[in-house]
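See structure below.
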Amino acid sequence: MLVHVWNRAREPCFTQLEQLRKSSLARVMCDNSDDIVVMQPLAFFQASYVILILSTIGIIYLITQLFRSLVDLDNEDTAKPVLSGLGDSWLFRLSLNLLGYATIIVPGFLILKYVRRTNYLEKTAPSCFPNLVRLCLSGPDPLLGMDGAPLGGPATQTQSHSSLQQGSLLMFCFLGLQLTYLTWGLLQEKIMTQEYETSEGVEGYFRDSQFLVFVNRILAFALSGAYILCVRQPRHMAPLYKYVYCSFSNIMSSWCQYEALKYVSFPTQVLAKASKIIPVMLMGKLVSRKKYDYYEYITAVLISVGMTFFMLGSSNQGKETGVTTFSGLVLLGSYMLFDSFTSNWQGELFTQYSMSSVQMMCGVNLFSCLFTAVSLLQQGGFYHSLNFMLQFPKFMLDCVILSLCSACGQLFIFYTIATFGPVVFVIIMTIRQLLAILLSCLIYHHYISAMGIAGVIIVFVAVFLRIYCNQRLKAIKGRRIMAQVGSGKVPFGMLPSVEGCANYPFSTLSACAVATNSDGSVIKVRGCHPNVA
């Protein structure tokens, strides 16, 4: 048919062919045929994407309920079926979680393909629903709502402080970060490993890691959303679906982090977080094609050696109590893998769309709340978790404090980096990890041998060595750039961006993009150009 139309055209051109490609088969047949009666009726049939999407959601939901019925998750008093033992497997719980996330991801993918295939946004007049689809799939229209404001908001000079005031602010940030995240870590270990008991003597363990992820994310989303409404932000240009990738990896890393506490000790997990430089470097090579300096490879090797010493020094305890298991190591490895992907993906979003750190926080937590809420509803997780809260009121208090510490810690992170730069922040959080290991050993009686202590020291010496070398090289590069500026080789306005807002005296929080995980570990610090008055 296309060949027939092409041959009948008096002046055939590729423009005509492009128009034919945009048309449906039924339209082409009607416009170029003499007898509509003899056409095949199926040529006019157009598959409904709504039916396909609803069918997909229904199938995923039925599979989830089938899996749950096989292990009899809801009725603990009746006779257990043959597969009931799978209910205690982290692999089975992970499968149920993934099915819940697929309820959102698969229909979203089908909608994205439909919009792109049918040119829906180009053919539809602007209205509420098409604008929502455009916001999710292609970003806001750059021709609408532009007020001519600069990307980072109005340039404002930061107030100068005396040495005493600087010291007081630094102590305030240090104590705030230590208090929030040390409390967060201790409560995390308590909720996942300790037994709750009522006044009547009823005892129970909380097992649903996904509910803790949801509780943390919903408060972080509310906090970041309120901040965006109150404080002027740069215009957001990224399509919302771009956050899906890092949101999925973020909730997976958090879930693995909570779930790993069922199999490994908290000090092991903290040390693994300090060692995630290695998978971050690997993902940087694969995702962003980054190049690393020689000192980064040396510190990565030292961290690997320290982790090996620590694991060997804790192996005896693991054999006696069953704390350190292969499942725990797999979950820790998965945590570091997902976490390193999150850092690199968010770094690419910062580079491409230049959103603020609070906008990143809000977008990621939006989809994290959506994913976890849908999964919990399908599994009945809300019912079981809320019932556990009512049965053990102390658990409710722990969840509230856990979420508040995580959300308030984010505020301390933004303020610390905006005031003192990322190097000071990383040093403070490294000290926090050391204190977290010490407090966990004292409160929950974890045993670490002399070899394990030596491994901890090696890891943190390597981390501090990495910080020192990184800052030293930046200082050398900064002096070279300023020397070129002084000689007139490089104009002052063409200075390259640097990591760390504190390097420039006129930088502001709105011009500095910082992304962090819920545990306070820094993901990405996007450098700022100086705002010169």
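Glycine residues also receive a Cβ, built from the backbone N, Cα and C atoms like all the rest.
Automated prediction, rather than curation, is the source of TrEMBL annotations.
Residues 324-341 are the range that TrEMBL records as transmembrane segment, among 234-251, 270-287, 324-341. Residues 188, 191-192, 251, 254-255, 258, 358-359, 361-362, 365-366, 368-369, 372-373, 376, 381-382, 385, 399, 402-404, 406-407, 410-411, 518 of the same chain, all 6+ positions outside the transmembrane segment (211-230), place their C-beta atoms under 8 angstroms from a C-beta of that stretch.
When each of the listed stretches 49-70, 90-112, 169-187, 395-417, 451-469 is scored by C-beta pairs under 8 angstroms to the transmembrane segment (294-312), 451-469 comes out highest.
The transmembrane segment (90-112) makes contact with the transmembrane segment (362-383): 3 or more of their CB pairs lie within 8 A, with pairs spaced 6 or more apart in sequence. By number of Cβ pairs under 8 Å, the transmembrane segment (362-383) is matched best by 49-70 from the list 49-70, 169-187, 324-341.
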